[in-house]
Amino acid sequence: MGNCCGTAGSLIQDKQKKGFKLPNPFSNEYGNHHDGLKLIVLKEPTGHEIKQKYKLGRELGRGEFGVTYLCTEIETGEIFACKSILKKKLKTSIDIEDVKREVEIMRQMPEHPNIVTLKETYEDDKAVHLVMELCEGGELFDRIVARGHYTERAAASVIKTIIEVVQMCHKHGVMHRDLKPENFLFANKKETASLKAIDFGLSVFFKPGERFNEIVGSPYYMAPEVLRRSYGQEIDIWSAGVILYILLCGVPPFWAETEHGVAKAILKSVIDFKRDPWPKVSDNAKDLIKKMLHPDPRRRLTAQQVLDHPWIQNGKNASNVSLGETVRARLKQFSVMNKLKKRALRVIAEHLSVEETSCIKERFQVMDTSNRGKITITELGIGLQKLGIVVPQDDIQILMDAGDVDKDGYLDVNEFVAISVHIRKLGNDEHLKKAFTFFDKNKSGYIEIEELRDALADDVDTTSEEVVEAIILDVDTNKDGKISYDEFATMMKTGTDWRKASRQYSRDLFKCLSLKLMQDGSLQSNGDTK
């Protein structure tokens with residue numbers, strides 16, 4: 001991101017084309033200060049000592065790369081949010097480029113009432129600190145559920161705001177790539193509070209007609225052309241269309257028990273308008289959804305066309321009749337379960353540590369029988385067998401194809417690390433067990449109500465027993481009032497794969513999935529992309 005004269009991701013892609021190996025600055029070999037060098041992430045931070053100007057307060061949230069704190073400007077007493085990204089969590093050069101690009105995009109975006117404002121940036125030896133506008137009004141779905149009475153009119157207002165954000169992004173050459181309800185917060189708790197886009201971590205700069213092939217985003221909201229690995233800014237309209245569908249009925253339009261199933265449903269693009277409440281939803285609303293979720297991006301509506309659509313234009317006159325308790329209940333369940341999964345994913349991500357990569361590198365040395373610093377597909381297969389990991393030959397080829405970034409027919413140590421977590425997951429669910437242990441504080445073998453309430457203290461309003469009980473009710477299939485490991489594992493693996501514990505591993509996972517879908521004929525690759 002720092003220097004954005006080229007296209008998004010061009011630095012990484014150009015070097016990969018030339019066979020240039022980007023180092024992992026926090027691998028065991030490199031370390032935080034290798035040969036006296038420090039990792040510098042930002043090109044021009046505001047400063048280096050954030051605590052000279054701001055006082056960091058309570059924790060507001062925690063993500064894959066760091067922690068968000070309440071932040072007070074010492075001189076004025078003004079309150080902000082500070083997103084502190086820990087350098088030790090940036091395990092690959094791609095992670096570092098993501099942070100650079102996120103900051104550059106937020107700096108270049110003009111002020112907009114529905115986009116969170118970046119105030120200042122700081123960088124010290126341990127972290128990058130982003131001081132941003134504070135949004136205290138909660139997540140989109142939580143607000144909807146709390147209101148109780150939910151209508152088409154309310155959905156039209158929300159989607160209009162989201163599309164205006166998309167339009168602003170596209171106008172300034174930014175593709176968001178990760179539009180989902182969790183990435184929108186209300187500015188405050190007032191009824192009239194603005195809805196704001198808060199996360200640009202996967203966004204990229206683009207030029208008209210430019211195509212991308214990196215698989216990013218969240219499964220439910222992913223456009224078919226992302227899986228085909230040839231896409232442009234049209235994917236943001238698709239994601240917004242998925243959000244609109246969920247707003248009107250409470251469940252995603254493309255759903256299955258596994259990520260592979262979700263991907264196939266997306267590629268088929270069959271939209272269900274038969275189940276409740278669709279019979280009472282207006283034809284205009286359904287027409288807009290169909291046009292936003294058109295499988296051909298060339299025929300999908302643009303942001304301006306969405307805003308010009310009759311359902312949006314007449315949004316203030318849209319039906320104000322409640323869509324029913326069923327929709328509200330579904331939205332609540334969808335929101336609550338996302339929170340539990342998200343909390344578990346954070347635990348898993350914390351275990352994908354430098355210590356784990358050290359173990360993986362030891363395995364690489366065992367496989368590298370020729371001692372040339374890279375392994376062939378044969379060595380990979382034999383090595384996996386020796387480690388007791390049974391992987392079908394077809395899957396080994398898929399892993400090899402996905403991991404071999406420079407396409408030289410070998411895996412070097414960094415490429416091996418990038419795919420190894422998926423290899424390990426094929427053999428066991430050790431990270432999922434670690435997540436379960438995190439919740440099961442008293443080692444009873446079950447997650448009990450008190451343990452669940454404590455674990456989700458930062459994520460839900462624990463004054464409401466209703467929320468915690470809703471999770472227990474949904475996950476506890478044998479109705480004994482607590483969650484067993486098997487029930488937890490089933491919940492985590494339903495609908496979206498729990499293994500997306502980190503952004504990079506998610507990219508690798510979907511790359512493998514895309515290759516597999518190509519092999520079984522579910523999709524065809526569309527032309528050359530960047």
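From the backbone N, Cα and C atoms, a Cβ is placed for every residue, glycine too.
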Annotated companion of Leu60, Gly61, Arg62, Gly63, Glu64, Phe65, Gly66, Val67, Thr68 at the ATP site, Swiss-Prot, chosen from Lys43, Lys51, Lys83: Lys83
Separation of alpha carbons, Ser218 (phosphoserine) and Gly66 (ATP binding site) (Å): 20
All-chain count of other Cβ atoms within 10 Å of Tyr446 (Ca(2+) 3 binding site): 19
Sorted by sequence, non-Asp440, Asn442, Ser444, Tyr446, Glu451 residues with Cβ within 8 Å of centre, Ca(2+) 3: Phe439, Lys441, Lys443, Gly445, Ile447, Glu448, Lys482
Largest CA-to-CA spread of ATP binders Leu60, Gly61, Arg62, Gly63, Glu64, Phe65, Gly66, Val67, Thr68, Lys83, angstrom: 14
Listed recorded positions Arg62, Asp178, Asp368, Lys482, Ser484, filtered to Cα within 10 Å of Glu415 (Ca(2+) 2 binding site): none
Residues within 8 Å of the Leu60, Gly61, Arg62, Gly63, Glu64, Phe65, Gly66, Val67, Thr68, Lys83 Cβ centre (excluding the ATP site residues themselves): Ser84, Ile85
Integer Å distance between the CA atoms belonging to Asp178 (active site, proton acceptor) and Thr68 (ATP binding site): 19
Candidate recorded positions Ser218, Glu379, Tyr410, Ser484, pick with smallest Cα gap to Tyr446 (Ca(2+) 3 binding site): Ser484
